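Feature list (source: Swiss-Prot):
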BINDING   G239, P240, T241, N242, S243, G244, K245, T246  ATP binding site
DOMAIN    226-365  domain 'Helicase ATP-binding'
DOMAIN    390-546  domain 'Helicase C-terminal'
TRANSIT   1-25  transit peptide
Amino acid sequence: MTLVKYSTIAFPLRSFRLFIFVKKALYHNEPHSIDPFHDKNWIVKRPKFLNLPKNEHSKLDVFQFNFNKSKSNNVYLRDPLFRDNLDKAMQIIYNEKLSSLDAKQVPIKNLAWLKLRDSIYQQLEDPKQQTKNYVPSISEIIYPSSPGNLISLLINCNKIGNSVWKSILKNGQSNNISTLDKFIHVLQQTFDHMYEQEILPMMTNTDDTDGAHNVDITNPAEWFSEARKIRRHIIMHIGPTNSGKTYRALQKLKSVDRGYYAGPLRLLAREVYDRFQSEKVRCNLLTGEEVIRDLDDKGNPAGLTSGTVEMVPINQKFDVVVLDEIQMMSDADRGWAWTNALLGVVSKEVHLVGEKSVLPLVKSIVKMTGDKLTINEYERLGKLSVEDKPVKDGIKGLRKGDCVVAFSKKKVLDLKLKIEKDTNLKVAVIYGSLPPETRVQQAALFNNGEYDIMVASDAIGMGLNLSIDRVVFTTNMKYNGEELMEMTSSQIKQIGGRAGRFKSKSTSGGVPQGFITSFESKVLKSVRKAIESPIEYLKTAVTWPTDEICAQLMTQFPPGTPTSDLLQTISDELERSSDNLFTLSDLKSKLKVIGLFEHMEDIPFFDKLKLSNAPVKDMPMVTKAFTKFCETIAKRHTRGLLSYRLPFNLLDYNCIPNESYSLEVYESLYNIITLYFWLSNRYPNYFIDMESAKDLKYFCEMIIFEKLDRLKKNPYAHKPFGSTRGQFPSSRGRLRT
């Protein structure tokens, strides 16, 4: 996987300009550079006002609209009440939006005001806009995002009931809401939309001096100004697997009033949440798919939160933040979340938990940020040994408590079936695309002895407490998305280190002991070399500009610039910049997700940024469902999960023994449901009826568990890559999507 690297060239946001494919750009008759990264005085595009009377281009404090009565017969001239409300509302909007501005904001806000008046002039001369048959939706009233329908909204605003208007305007006192109040709301929202979506993206920010646009994008430490205002105490807890480092960090977290545990997986976040709850420590849960607020009698949420690292509220003030598995900051796909959290959390203490391999990297970053650094190193609590010989008799030589490691879903299920066929051992399985809840169930069955053997992918490397006596590697090679590669020593140590954890007894007199082996001498030799090898220190941290910075950059591009173009431009520029301390997150998966909704013009840029981080699995059924969900956002509809045409009829107990309904179909359905939860947490007005969604989720988990338990043949055997992944059979047995 290619990592994009920064260089040392300074790259201030205000000099980020659109590259236009012309040889010369003229501004005030002077030649300017066509390079958008160096031209600081180029206005990309000035709005035109084709309908606004010329005398109003320079005179702003005009609130009435002037028409030739002999040529026009629009609603403004016909209806005195409409005219009076519109004139008064315009004066109020002017006073609120333009009269008390900072001098730097005046020119751009003035353009938004002129754009609003120009649009009203145009619509008042358009008979189609003046129909009374139009019934606005509630979402259009709450957030008018189509300025071209403004007059229609104003004419028909009274068709929305007063109780709804009271909720929209948050007016719980007055029983009567005037038409003027409604006009003011619609015009305010339309003005804001025009300013943010039409005017601001067309203008440069040459006069900004507040620092928001002057961040050196090649120095990620500067992205987080609030964190730079304080000197934080960075406390590292480093050591191998099973050294008690996470426990010590959590003990500190429990002792403070305001804190956040940031885990790599939502099941780990849930585990910490459940642990705190069982210890009577108040704690919230915050993951992309699930939010639980621990409220007291007065409705106040708990001060502590357990969540995933991507959900850390960067600008919220904390006493302690724990970043678990900090070595993940070098991960090409998700590393940005750890790096940005380390650089940006506003916390008195930041506890970093992870491998020693990250130590030099953290030292360099702390030197850059000016924070205080304390290092705590821990030794493994038990012994870990690599056996001298491979497992005798292959699969038949396995024993209760073994964990067999393979690196594909097909191989994991093949091994489960073969072990259960050739031995009397019962096998649990864990792999990445299994629902977290199913993984927890499988782990529990293995830990309590109901199942004898665990067969797992590298998903066991973090996030699950497993009572493993011995880790058995089937291979030392792993597919990295492009080719088979030999596993790194760090990966082997992470997985092999799971052996001997959470064991209260052992053959060494009470000291927990774990063993590592393989089925083949060649693999065992490679594993031994990795376990005994010196630490491979990480050299770079993966990062990505925050949504706020991306949004500021987007204001330098003309309206309609594809989101993917912006992200690719950032990537290309940063590839030529900065030192080797930071690398840019891999864009492939993000661009693939963006491609599903980029053509939807009604989704604002800020929402497209948000949606680019959605957890969309690369399965046909999942991507199609996500596209439908995005259409809901674009149309501002309100829908429940059951209103979509998805095969929820397969969530039937009678489908469990039917092998034509494959395990992967249910994994796809599960991913669709969790994706719906993710979207509902961000768009609660569009995605509703969470109770039904929860019922579907629980039933899907149950069917996946039962299908694993009754597995007779591998559903992935002999399937060409990508041929029917995530598809489901129709009632006639044919595959459809």
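Cβ atoms are placed via backbone N, Cα and C, with glycine included.
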> How does the domain 'Helicase ATP-binding' (226-365) divide up by DSSP, counting helix, then strand, then coil residues?
Replying inline: 54 helix, 39 strand, 47 coil
> Can you name the residues of this chain that are 6 or more positions from K245 (ATP binding site) yet have a C-beta less than 8 Å from its C-beta?
Replying inline: H237, I238, G239, V353, G354, N376, Y378
> Far apart in sequence but close in space: which same-chain residues, 6 or more away, have a Cβ under 8 Å from S243 (ATP binding site)?
Replying inline: Y378, E379, R380, L381
>> Counting only residues 6+ away in sequence within the same chain, which have a CB under 8 Å from the CB of G244 (ATP binding site)?
In response: Y378, L381
>> To see if you understand the setup: which same-chain residues, six or more apart in sequence, place their Cβ under 8 Å from that of T246 (ATP binding site)?
In response: H237, D324, V353
> Including all protein chains displayed, how many Cβ atoms other than that of N242 (ATP binding site) lie within 10 Å of its Cβ?
Replying inline: 21
> When you measure from the Cβ of G239 (ATP binding site), how many other Cβ atoms are you left with inside 10 Å?
Replying inline: 21
> Counting only residues 6+ apart in the same chain, whose Cβ is under 8 Å from the Cβ of P240 (ATP binding site)?
Replying inline: E355, K356, E379, R380, K493, G497
